[in-house]
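**Student:** Here it is, the structure, as C-alpha cells.
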Amino acid sequence: MTNFQRGPYPATRMRRTRRHDWARRMVAENQLSASNLIWPLFVFDGQGRQRIDSLPGVDRLGTDQIQLEVERAVELGIAAIAIFPATDPSLKTEDAAEAINPDNLVCRTVRQVKQAFGDSIGLICDVALDPYSSHGQDGLVQDGYVVNDETIPVLQQQAIVQAQAGCDIIAPSDMMDGRIGAIRKSLDASGFTEVQIMSYAAKYASAFYGPFRDAVGSSGNLAGGSKATYQQSPTQSDEALHEVALDLAEGADSVMVKPGMPYLDIVRRVKDTFAVPTYAYQVSGEYAMISAAAQNGWLDRKACVMESLMAFRRAGADGVLTYFAPEAAQWIRESESQS
Ligand code: PBG
C-alpha cells in the first residue's frame, strides 16, 4: 500500500457545513415558502374541467371547480392567485369590448371568490386585451399596428371593472407605454386607492408563452402575429431597468419579470437596482418543459420544480407566479413536517 503523506490540509473546508442535513439547513441563504407562491388559474364559463393539451396537469376550471381549487390554495397558505379567462370565442371582437364588461368571466369569478374567501387570499387580474380580442393582441389594432394611446383608456376601464369586482392587485401585462400612470390615476379617481398595481414591467416577446395562449384560446387568433412591437426583445437587459424605472415612477407597487428561468439575470438586476417587491413568472412554456421531461422519465419532477423555484429566490425574486404552486406548497409542507 502506498503510504501517502497526509496533509498539509486546507484550513478552510467548504465541506464541513455541507456534511449533515442540519448543517446545510443552518447555512441556507434562501428559503422558499408557500407565501412566495402565486398560482395562475384559468377559468371558463361552465362547469367541470377542460384539459389543456400543452399544459398537462393544468385544467381550465368551471365555476364549481374554482371554488375547490381556491379552497386548496388557501389551505396550503399560497399568497395569491391570478385569474385568467378562456373567453368564449363568440365574445371576442376586434375592439375587445368584453374586457370592459363588468359582468365578464373574470369579474364574475373575482366576485365569487371574494365572497367565499374574503381576504384570506390575494386576487390578481391581468390587464391586457388578448383574452378578449379577435386578433389575440394585447392592445387595439389599427392598420395592422397595435396602437398605444388609443388602447390606454380601454385598459383603464378594464382595471376599473376588475377593481369594482373586488380584485386586490391589478397586473397590467400589455406593455403599452404610460399605462401604469394612467391606470393608477383612474383607480385613485374611482376611490380604489388601496388596490395595488403589480406591473409586468420587464416582459419579453417570448416563445415560452405558447401554452398560455392555448389556454386562453388566443394562439389561433394571433396566428403568426408577433408582439415584438410592444414586448421587449430577448437581446435587451438595460432596457428592462428603464421599463421598471418608468413603471415605479408611474406608481407600480411591485414589478414582475417574465418569463422566469431564461431571465434570472434580469430578476437579479431589477432587485439589486430598485430594491422593491420583485416577482418572476415561471411561464407556461417553462411548466410544459419540466412537465414533459418528467412525464418521459427524463427529469425528476419534484426535484426540478423545487430547484427551479429556489433559483428564483436566489436570483432575488420575492415571489414566483407558477403553475406548480399547489404541488410545491404541498412539498414544502411535507418537508417542514419531516425536519
Ligand atoms: C397576456 C399574458 C400572457 C401571459 C400572461 N399574460 C401571454 C402573452 O403576453 O402573450 C403569459 C403567461 C404564460 O405563458 O404562462 N398579455
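A Cβ is built for glycine as well, from the same backbone N, Cα and C atoms used for every other residue.
Owing to the predicted nature of the structure, the values given are computational and were not obtained by experimental measurement.
Relevant sequence annotations retrieved from TrEMBL are reproduced here:
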- Lys203: active site, schiff-base intermediate with substrate (ACT_SITE)
- Glu243: Mg(2+) binding site (BINDING)
- Lys258: active site, schiff-base intermediate with substrate (ACT_SITE)
**Student:** What does DSSP say about Glu243 (Mg(2+) binding site): helix, strand or coil?
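**Tutor:** Helix, per DSSP.
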**Student:** Lys203, Lys258: which of these active-site residues has the highest Cβ count within 10 Å of its own Cβ?
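**Tutor:** Highest number of other Cβ atoms within 10 Å: Lys203.
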**Student:** Work out how many Å separate Lys203 (active site, schiff-base intermediate with substrate) and Lys258 (active site, schiff-base intermediate with substrate) at their Cα atoms, rounded off.
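**Tutor:** Here the two Cα atoms are 5 Å apart.
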**Student:** Within its own chain, what residues at least 6 apart in sequence put their Cβ under 8 Å from the Cβ of Glu243 (Mg(2+) binding site), listed in sequence order?
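**Tutor:** For Glu243 (Mg(2+) binding site), the qualifying residues are Ala201, Ala202, Gln232.
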**Student:** Let me know the DSSP-derived helix, strand or coil state of Lys203 (active site, schiff-base intermediate with substrate), please.
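**Tutor:** It is in a strand.
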